[in-house]
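Chemist: Please read through the structure below; I'll follow up with questions.
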Amino acid sequence: MSTVYALLFIVATLVMVVGLALKIKQYANTPAPLKIPTTPAPTTEAGVVMRLFREVVFFESLFKSTKWTWIFSWMFHMALFVVLLRHIRYFIDDVWLPIVLIQPFGKYAGFVMVIGLAGLFARRILVDRVRYISAPSDYLWLVVLLFIGFSGLMMSFVSHTDVTMVKQYFTGVWTFSGGELPMDFPLMVHLLLVALLMILFPFSKLLHVPGLFFSPGRNQVDNPREKRHLAPWAKTLEEQE
Amino acid sequence: MATAEFDVPELQEYVDVPEVEEGTMAHLKPFVVTNPEHNTDLGFPGELVEDWHGKTLEKLDDLRSRYRSLQVYLDACVKCGSCTDKCHYYLTTKDPKNMPVGRQDLLRKVYRRYFTFAGKYFPKLVGAEDLTRETLDDWYSYYHQCSQCRRCSVFCPYGIDTAEISMAAREILDSIGYGQKYCNEIIAKVHKVGNNLGLPGPAIEDTLEGLEEDVFDETGVEVKFPLDVKGAEILLVTPSADFFAEPHVDGLIGYAKVFHEAGVSWTLSTTASEAGNFGMFIGSYENMRRVSMRVREAALELGVKRIVFGECGHAWRVAYAFLNTLAGPFDFLDPDYPVPQHICEFTKQQIDAGKLTFDKSQNDDMTITFHDSCNVARATRMGDKPGGQMDIPREVIKAACNNYVDMDHNTIGERTFCCGGGGGLLTDDLMEIRVKGALPRMTALNNAVQEHGVTHLAAICAICKSQFTKVMPYYGMDMDQVVSVHQLVSNAIVLTGQRTEDDEEEQDEEA
Ligand code: HEM
Ligand code: HEM
Ligand code: SF4
Ligand code: SF4
């Protein structure tokens, strides 16, 4: 079983990393032939960095729009961030100080994450407009994340798993030298779903993560009068005349 | 009325977010191109091609490899619903395919089915759908119920801009010979004659002479309206509606008076007698470029040093955000000025330099409010600071008027509601969606009328002005309540040597 999981995680990591790299390459190589930032937009590179920072950290545009979605979504994502930071200790030996410091209360971030997800799920069912635009996969994503959260919380608060063993296993997973994985049911579920998430990442709406950074509506500097912005294909078009 | 009957919504205090009601607008389609030349002149097949299925997918694939916006926007949507209640057309028609994400999904479903792993193998799971003949009709219907106003993109956490998607969809439809009559006919006219209305040079010349006489009769000052004058300093490019329609033409008079007082030489051009560029509405880079090149050629031929654009929203977007890219570089113009400038930027500079004298009391019979045109507010800038596109027109109005109030802050600035007629919808065959889509703007205006005694709505867009004059009567308001910003300037400006009212009285007594 430990070997199956090792294989699974190697495949999952490869799929996620290569898949995302290809997607990012596609986005980077596709030209944006015209300046189309949603204005008022920053007129400098530094301004654009700030704009993206506000979108990533505060979900600025979502905040402008709907406070309910914003609060649940922000709870979910920020808690996810803390949870993932806390998980770093399973993969490296000398954990950096900030990660040690968040351990005690970071434990509770899992609850926040689950509450956020539950709120988003309720919204998807209750608001008729959101229900209309939802495909089965939109519900399933929330379900998958909820179960990852539940199983994680089970381990943290109900039936503890041998965290040292988990750590040993994952630090050695690449060389199949990590030894055994504790055969606890919550951990099996947790890891199975996490692997699923990693495999699906580059083929799904989780592409919103790289997408945000490549969105011309948000990442362009508002300077079209000062600078020409000619895409390679548009240049070819010009030269044909 | 020419169009089928429909219910005109009633003005309430608020526009409530309605419950979804499927299919309410499925019946509405603009006229399809009937004269094949209107397609072929633009480089599209004359009528629907036989292999529409293959050609549609081919074009979609081509566009997503040339437009990062399209590729990223098709992938990134998480169906959060943030945009669903932001579109004026959804708010007033309840049709979920008029929700921005609903509109995008019409194309996204096909993209997913043919170009993504999940959609190829698990179409039901991710809501992917086959491309059928009905899909095309759905696209034709709903991508012509989007005014490309970008209001949705303000509220989307990834800035997904439905306007980009509907431009792409329209380009795909054009590329298989399923073009919209209104837009394509107009673009064909620009390519042939030089303006959207097909006004020939002599007609423009006549109009301008008439305007010179009118202004002289009224003020006693010889304000010129030059046409094709070589060596003038400024080339003015303005929407062709400014040449004849009310209230547009009063705006043109305003520009002429400002130029006159500023003491700069300027000229219009017969070959670039149109600021508008419908190439943008159909998403066609090639057509947009061809129309833009007329401006470049006119500037070169007339040997001007600066280019100024008149009051028009989408025209200002193409001019401000695209012109340099499409038809630049403009290194032959005076580098001290941005290329191009908006007439409001020009006027504001003259005001700041103290070159203009106003008698604001001339506008005292009005209380003005200002409609931010979508394309100006959300796709361009004026001046050097972000947001100048909202501030500068207001400052110009306030310099010329004593009574100004804003509408509800949720309906202006970057959140402005579309007039309902932008993006290539300004045609009688789409009257139903135009009237309905105007409701949020009309509601905010009506509230300002009730609460602040607003009498007039000022705009800086030819499409907004035409749309408002047409739809305001449906809401019990008067078409004369729409004014051009430079009409207000024209009313209040005191020309050097202008006859004052006292003079007029004396004249009357003598007579
Ligand atoms: C290979 C990757 C992962 C491993 C090995 C792993 C392992 C674990 C373990 C052993 C625990 C129990 C912690 C304890 O007992 O204190 C846990 C908890 C948890 N995990 Fe994971 N996990 C992984 C990935 C993830 C991911 C991607 C998510 C979120 C999407 C996640 C969410 C959680 C949550 C919410 C908890 C409970 C709260 C907490 O202890 O932080 N895990 N995980
Ligand atoms: C740069 C990092 C990220 C940013 C800025 C970001 C931002 C957002 C925003 C603004 C939303 C829309 C609001 C909502 O519906 O919740 C969203 C939704 C979502 N995000 Fe993220 N996200 C990030 C990373 C992630 C990661 C790493 C995951 C998964 C492990 C994730 C999973 C999701 C899911 C599943 C939804 C849909 C929620 C729903 O169904 O309502 N996000 N994200
Ligand atoms: S661009 Fe405007 S009209 Fe089009 S979907 Fe968005 S809000 Fe609606
Ligand atoms: S706001 Fe953006 S991400 Fe959310 S549903 Fe609309 S288009 Fe999709």
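Just so you know, glycine gets a Cβ as well, placed from its N, Cα and C.
Annotations per TrEMBL:
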{"type": "TRANSMEM", "residues": "A:6-24", "note": "transmembrane segment"}
{"type": "DOMAIN", "residues": "A:67-209", "note": "domain 'NarG-like'"}
{"type": "TRANSMEM", "residues": "A:68-88", "note": "transmembrane segment"}
{"type": "TRANSMEM", "residues": "A:108-127", "note": "transmembrane segment"}
{"type": "TRANSMEM", "residues": "A:139-158", "note": "transmembrane segment"}
{"type": "TRANSMEM", "residues": "A:185-203", "note": "transmembrane segment"}
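Please situate the listed features within the shown structure.
Modeler: Outside the transmembrane segment (A:6-24) by six or more residues, the chain places 169-170, 173-174, 176, 178, 191-192, 194-196, 198-199, 201-203, 207, 210, 214 with a CB less than 8 A from a CB of the stretch.
Secondary structure of the domain 'NarG-like' (A:67-209), assigned with DSSP and counted as helix (H, G, I), strand (E, B) and coil, comes to 119 helix, 0 strand, 24 coil.
Same-chain neighbours of the transmembrane segment (A:139-158): 76, 83, 107, 110-111, 113-114, 117-118, 120-121, 124, 184, 186-187, 189-190, 193-194, 196-197, 204-206, counting only residues six or more beyond its ends whose CB sits under 8 Å from a CB of the stretch.
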Chemist: Taking a Cβ cut-off under 8 Å, which residues six or more beyond the ends of the transmembrane segment (A:185-203) line up next to it in the same chain?
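Modeler: For the transmembrane segment (A:185-203), the sequence-distant neighbours (Cβ-Cβ under 8 Å, at least 6 residues beyond its ends) are 5, 8-9, 11-13, 15-16, 19-20, 22-23, 144-145, 147-148, 151-152, 154-155, 158-159, 161, 166.
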Chemist: In the same chain, who gets a Cβ under 8 Å from the transmembrane segment (A:108-127) while lying at least 6 residues past its ends?
Modeler: 68-69, 71-80, 82-83, 86, 134, 138-139, 142-143, 145-146, 149-150, 152-153, 156
Chemist: Looking only at the domain 'NarG-like' (A:67-209), what is the model's average confidence as pLDDT?
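Modeler: Mean per-residue confidence for the domain 'NarG-like' (A:67-209): 92 out of 100.
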